[in-house]
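Features as listed in Swiss-Prot:
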type	residues	note
BINDING	19-26, 83-87, 138-141	GTP binding site
BINDING	THR26	Mg(2+) binding site
DOMAIN	10-206	domain 'tr-type G'
REGION	19-26	region 'G1'
REGION	62-66	region 'G2'
REGION	83-86	region 'G3'
REGION	138-141	region 'G4'
Amino acid sequence: MAKAKFERTKPHVNIGTIGHIDHGKTTLTAAITKVLHDAYPDINEASAFDQIDKAPEERQRGITISIAHVEYQTEARHYAHVDCPGHADYIKNMITGAAQMDGAILVVAATDGPMPQTKEHVLLARQVGVPYIVVALNKADMVDDEEILELVELEVRELLSEYEFPGDDVPVVKVSALKALEGDKEWGNSVLELMKAVDEAIPEPERDVDKPFLMPIEDVFTITGRGTVVTGRIERGVLKVNETVDIIGIKTEKTTTTVTGIEMFRKLLDEGQAGENVGLLLRGIKREDVERGQVIIKPGSVTPHTEFEAQAYILSKDEGGRHTPFFNNYRPQFYFRTTDVTGVVTLPEGTEMVMPGDNTEMKVELIQPVAMEEGLKFAIREGGRTVGAGQVTKINK
């Protein structure tokens, strides 16, 4: 069966849900698809909770893509929405997921107010450069006292300001995702109001379409009879079918190949552009030739490196960071784009140790090469938990 072509008539914006576990991120995601389907049935499909909760790709391909993607449209825009799992051990996906957002819907239960993971997700949103946040004050149907709602809203605004988001100006919309999902008209309207706020408060992103093509690989799988497909979000540039690309990073040698097909939401494209989540079919490439963490680039536009200088912020104990300082030759993982690479840290002259909560300069030597340029951001992690964040300031080798 031929695939429908993807229509690119409306502005395309990537958003997602973030926030504490059980505050209703996935329920809200499902409610948005239902309410928009009811309002504009010709341009929206409804996605059921369990379909999103289990990430449908997982079941279809027998491989784990651990972030659920749904798409929907308002009158003004086409949205691709990622639902990030809430647990701390999914923070890796929070990092890859949040990196895919032009803006985020921060879900806070009115019954609880901001909780530790709310804080952690806002901090991560700040670190990975999520530029705009809209707040959904969920479960508002369960709070009778207007004053409590106001207090919770104030707390959320203060939290956002603390992490350098414009807390006073961020839209806060009271919703009940569950009631909206159950078909309650009034609470359904609250979800439409939320999406109106998203339309207005999350600007259309400036796309990097004019820069040379680059896409970090998130996943690799084989489609029987067609070959190897890699998926990811195009970070910048434009890629047309039948163009030549290099695959670099992680391995010592680069691989050169031709892209024979580009897909988005199971529809075929002639080209993929910055900001879009796509699958690329690669000619003559085996499943084991490529891996998550590598990047696909316009040939020669970026080079892999192992030694760099960086400015980093080390999380305080209260932010979920280390409880003790680290010293020279500290060996954490550096999380670049979609993968962890171990590196050895050299501290500046005269710095004996770095305390949780400090900013520091550092030199890093990685055990595997990473495609990098100045300004590239990374997280510093230990055993799966984020303990710092930084940016490459200079490449040495």
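The backbone N, Cα and C atoms fix where each Cβ goes, and this holds for glycine too.
Broken down by DSSP into helix, strand and coil, the region 'G4' (138-141) contains 2 helix, 1 strand, 1 coil. Under the three-state DSSP scheme, ASP22 (GTP binding site) falls in the coil class.
Counting only same-chain residues at least 6 apart in sequence, those with a Cβ under 8 Å from the Cβ of ALA140 (GTP binding site) are ALA110, LEU149, LYS174, VAL175, SER176, SER190.
The Cβ neighbour count for LYS25 (GTP binding site), using a 10 Å radius over every protein chain in view, is 27. Residue pair GLY19 (GTP binding site) / the residue listed as 'Mg(2+) binding site' shows a Cα separation of 10 Å. Other Cβ atoms within 10 Å of the Cβ of GLY19 (GTP binding site) number 27 in total over all chains.
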